[in-house]
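Enquirer: Encoded as structure tokens, here's the structure I'll be asking about.
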Amino acid sequence: MSTTTVITPGTITREKNENGAPLYPDYMPFYDPLEKVEDIGAFEHFDPGHRADPKLPNLLKNATKVWELSPHVGTEIHGVQLSQLDSAGLDELALLAAQRGALVFRDQDFVNIGFDAQKKLVSHFGPLHIHGWAPHPAAGSEEHMIIYDHKDDLRVRQSWAGRSPVQWHTDQSPEQQPPGTTFIAMLESPTTAGGDTLVSSSVRAYSSLSPRFRKRLEGLTAIHTNNDGVSQELKHGQQAVMRRGVLQAEHPVVLVHPVTKQKALYVNPVYTKKIVGFDQEESDCILKFLFDHIAKRQDFSCRIRYEAGTVLVWDQRVTNHSQTLDYPIGDRRHGFRLTPLANKPIPAKIEEDDEEFSTDDARHLVGNAS
């Protein structure tokens, strides 16, 4: 089958079949409402980043170009083939993803190594999540969550009808042990550009708050649930949501990453619904501020553009992200996500005499007085 390469501004290459057929038919979305998804249950998670050499010799030994997409989040790496990394290299990948939030790898053969090899590589970071209603490949594994938007399947568009398609979130935060290091492989991107992923640093979202407000948030927990998402899918006739049903978990508002020990704001507007112990109106007020803080502070976010062979690796414990449906209806955006689950979120707590609080508070007081 013949293909054509589409060149868009910014030298992004996007291959397309001349007859309009998908480039990767084996990854077409398959929905089966009769399948039941079993809960993995509690498990002990050891983050591979603990074993990593902080100098990253195994990860970056073949790198030809490495640069930061923004000061606080995002690094693009050329010359490294993810499929060729050994265990030590994957450990270092986990560490760098935790430190930088999101990593972009170009010219990858990851798509071509097959379902089983993909799962084996990504399961290095934890047991793989199976989505409660999103599709998977008909001939592949349930762990592969298919990302698909095209004129022959407008379910993504229907799900976001009447709402902004830019919705900052952390995938599957209603799980008792939510995702950590996660992979997206883009198979086919819109011909007109667009379809990027936005990523925001939750570490910087936390640290950029005033010290007294940070202190107030620490020790709080919030309810995360997918109830709204399940209801929305049922509204559009998506019976596959009943494969798993409604999930709910209580997580700290501020967590600590198990490897880097950095504190991160762990709330998102898609799944976080209420701060425990607060009246609903009080909770809504605080959460609205935090959601706006995440969405509006572009000084700690980056934008991931896709091209053929791009793989995005990011740590969901220290980031929020969003899709962008900014391309014409009918243009194809096709990819898949593999999502390892990680540790139960670790709550952050600063004591009254914490040096970090005292130092930062003094800095803010000086700034306010000037």
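Every residue gets a Cβ built from N, Cα and C, even glycine.
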Enquirer: If Swiss-Prot is the reference, give me the range from 1-20, 321-340 marked as region 'Disordered'.
Expert: 1-20
Enquirer: Can you name every residue in this chain, apart from T197, R333, R337, with its Cβ inside 8 Å of the center of the Cβ atoms of the recorded 2-oxoglutarate site?
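Expert: Not counting the recorded site residues, we get I147, I184, M186, G195, Y306, L312, Q323, G335.
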Enquirer: What is the interatomic distance between the Cα atoms of H321 (Fe cation binding site) and R337 (substrate binding site), given in whole Å?
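Expert: Roughly 14 Å, rounded to the nearest whole number.
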Enquirer: Please report the distance from the Cα of D171 (Fe cation binding site) to the Cα of H131 (substrate binding site), rounded to the nearest angstrom.
Expert: 10
Enquirer: A 10 Å Cβ contact count, applied to the binding-site residues H169, H321: which residue has the minimum?
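Expert: Candidates: the binding-site residues H169, H321. Fewest Cβ atoms within 10 Å: H169.
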Enquirer: Pop the Cα-Cα gap between T197 (2-oxoglutarate binding site) and H131 (substrate binding site) into the table, whole Å please.
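Expert: Approximately 19 Å lies between the Cα of H131 (substrate binding site) and that of T197 (2-oxoglutarate binding site).
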